[in-house]
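*Asks:* Once you've had a glance at the structure underneath, I'll fire off some questions.
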C-alpha cells in the first residue's frame, strides 16, 4: 500500500472541492503497460483539439509508468502552457512526477504541482509504536502458517513453470514449422557469449577435477596392486560424468545467473512491457535463442572438456604410478569403448536446456524492486544445479538398467 505525506493527502482531499469544467478529457479504465496503440492514438486525437490549456480527469483509472511517459510526449508535442489534472487516487498521484516538463505548468486539483509535493514509500510493516498492539501467535500456529504458505508458493511456482514450459514448447514448435521466426543473429551471439567465452573456465575446471580425481583413484588402485586399472576407471569416469557434469555446473553458475539478471533488469525497466506493446514475441526474441544456444553448444563444449579431463588424468597417472602416455593410450583404446563418450554427449543438450529454461523462467519472475534480481539470480543458480543433479541421476539409472 502507499503512505502519502500530508501535502499529497491534501491534494487528494482537495478533489472533492474542485469543479471539473466542461470539455475535460476523461481518462478511465485500464491504461497500464499493455494498453493498445489504438487507444493511445484516439487519446492523441482528442487532446490535439485543445489549445494552450487542457483539463484531464483521471476517473477510476489504472495507469502505468509507460502510459504516463507517452502522455507526457503527447502533451509536449502540442505545446500546452498549462495542464490541469484532476486526481483522487494516491497511486496515480505517485506517478505524476513522470508528467513534469519545463514546457508547461502542471496543476493538480487546482493546486500548483511540483515534484517535491509527493513523497511515497512502500510500507510493509506497522509503525514501531503500534507493534505492541499486535497479538503474538504461538509457535504451532506459526509453523502451520509457514507450512501452508510454502505449499501454496510451491504450487504457484510449479503452475507458473509448467505454463512457461508449455508456452516455450508451443513457440519452439512454431519456430520449427516456420524457420523465419528464428533470430539467427541472436542465436549466434548467445552461442559465442555463453559458449565460447565460457570455454576457458570450463576447461580449466575440467582439467583440475580430472587431475585431482584421477590422482586419488590411482593411489588407491596402486595400493591394491592393480595400478593399470586406474586408466579404465578414471577414463570412463571422465567421459561419462566429469566432462558433462562438471562443465554443466560451471555453465549453470555462469549462464543461468546471466539470463536471470538480464531478463530481470529488462522487466524492472519495463523493456519487456514495451516489447509486448509493440507486439514483439518475447519467446522468439529472448527465450528461444538463449535456450537453443546452450542446447547446440553444450555437446561441443563437452567434447573439449572430455579431452582436457583425460589429459589431466594422464598427467596424474604419470606422476603417481609412473604409467607413461603411450601405455595409457594403449590401455585406453583396449578397454574404453566409444559408447562411454556418447553417453556423456547425450547428457549435454539436456543439461543445456535445463540451464537455459531455468535461467529465463526466473528472470521473468523478477518483480517489485532491484532486490528481486539478486534473489531470483540466487534461486536460478540453485534450481539449475539441483535439476542438473537430478537429470544426471536419472541418466545414470537408465544407462545402468540397460547395461550401457
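Here the Cβ of each residue, glycine as well, is placed from N, Cα and C on the backbone.
Bear in mind that the values here come from a model prediction, so they are computed numbers and not experimental data.
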*Asks:* Pick from 123-147, 198-222: which stretch is listed in TrEMBL under transmembrane segment?
*Replies:* 198-222
*Asks:* In TrEMBL, one of 242-261, 262-281 is tagged transmembrane segment. Which stretch would that be?
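*Replies:* Going through 242-261, 262-281 one by one, TrEMBL gives transmembrane segment for 242-261.
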*Asks:* Identify the transmembrane segment range according to TrEMBL, selecting from 93-113, 282-302.
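*Replies:* My reading of TrEMBL: the transmembrane segment range is 282-302.
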*Asks:* According to TrEMBL, which stretch among 158-177, 178-197 corresponds to the feature transmembrane segment?
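*Replies:* Spelled out, TrEMBL records transmembrane segment over residues 158-177, not the other listed ranges.
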*Asks:* Is it true that the transmembrane segment (198-222) and the transmembrane segment (341-364) have 3 or more CB pairs under 8 Å, sequence gap of 6 or more?
*Replies:* no
*Asks:* Ranking 158-177, 242-261, 282-302, 341-364, 384-402 by Cβ pairs under 8 Å to the transmembrane segment (308-329), which is first?
*Replies:* 242-261
*Asks:* If we skip the immediate neighbours and take only residues 6+ beyond the ends of the transmembrane segment (341-364), which ones have a Cβ under 8 Å from one of its Cβ atoms?
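*Replies:* Same-chain contacts beyond the ends: 160-161, 164-165, 168, 239-241, 243-245, 247-248, 251-252, 255-264, 266-267, 272, 282, 286-287, 290-299, 301-303, 306, 376-377, 379-380, 383-384, 387-388, 391-392, 395, 399, 404.
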*Asks:* Are there residues at least 6 beyond the ends of the transmembrane segment (158-177) whose Cβ is under 8 Å from a Cβ of it, and what are they?
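*Replies:* Cβ under 8 Å, 6 or more out: 281, 283-284, 287-288, 291-292, 357, 361, 364-365.
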